[in-house]
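Chemist: Can you keep this structure in mind? I'll have questions shortly.
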Amino acid sequence: VNNSFTMGNVFEKLFKSLFGKKEMRILMVGLDAAGKTTILYKLKLGEIVTTIPTIGFNVETVEYKNISFTVWDVGGQDKIRPLWRHYFQNTQGLIFVVDSNDRERVNEAREELTRMLAEDELRDAVLLVFVNKQDLPNAMNAAEITDKLGLHSLRQRNWYIQATCATSGDGLYEGLDWLSNQLKNQK
């Protein structure tokens, strides 16, 4: 009886290592009104929630393809952006959300992204850029945002850009697919 119990333990451990949930800590940032909270709750609940500007943070666990993503959505108003760095530790993936319709502030978005990527604690984090609000008629496309954010100059960083519409959910899971593949490749 004892033997079968230990064999069971061995199989359980093996099963968990093969099929067990992987976890990934994600930090989602971007300027205020880019759509971070809408994205978070679209992923979590599959529906659009009415949001108000986030002053602190929202955190949710999103289960997708056997990965448990802990997503921290941190307020983007300029006065609270210095607080972002308190969330950097142990972050494996960074989601930077850009309002593709906000041409006035795309340079500001670039400055914030550049500042963040220079942080030592984020040196190993992969970068996913969500080019949000693609449903709006004057939205910049992913190629234009890639250019304006200077993504091609990122040499030591694994990055991916994905056009999204948070309200319809378009593009969100493609982004998570990329993140989950990055996590698998870290072995």
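Note that Cβ sites are derived from N, Cα and C of the backbone, with glycine treated the same way.
Summarising the annotation, TrEMBL assigns GTP binding site to Gly30, Leu31, Asp32, Ala33, Ala34, Gly35, Lys36, Thr37, Gly76, Asn132, Lys133, Gln134, Asp135. Look at TrEMBL and you will find Thr37, Thr54 tagged as Mg(2+) binding site.
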Chemist: When neighbour density is defined as the number of other C-beta atoms within 10 angstroms of a residue's C-beta, which of the binding-site residues Lys36, Lys133 has the lowest density?
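Modeler: So among Lys36, Lys133, the binding-site residues given, the one with the fewest Cβ atoms within 10 Å is Lys133.
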Chemist: Could you measure between Asp135 (GTP binding site) and Thr37 (Mg(2+) binding site) for me? Cα positions, answer in whole angstrom.
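Modeler: Approximately 17 Å lies between the Cα of Asp135 (GTP binding site) and that of Thr37 (Mg(2+) binding site).
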Chemist: Which site among Thr37, Thr54 has the most other CB atoms no more than 10 Å from its CB, taking these as binding-site residues?
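Modeler: That would be Thr37, with the most Cβ atoms nearby.
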Chemist: Across the record's GTP-binding residues Gly30, Leu31, Asp32, Ala33, Ala34, Gly35, Lys36, Thr37, Gly76, Asn132, Lys133, Gln134, Asp135, the largest CA-CA distance in angstrom?
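Modeler: Site span for GTP, by Cα atoms: 22 Å.
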Chemist: Taking 10 A as the limit, how many CB atoms besides its own sit near the CB of Gly30 (GTP binding site)?
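Modeler: I get 23 for this one.
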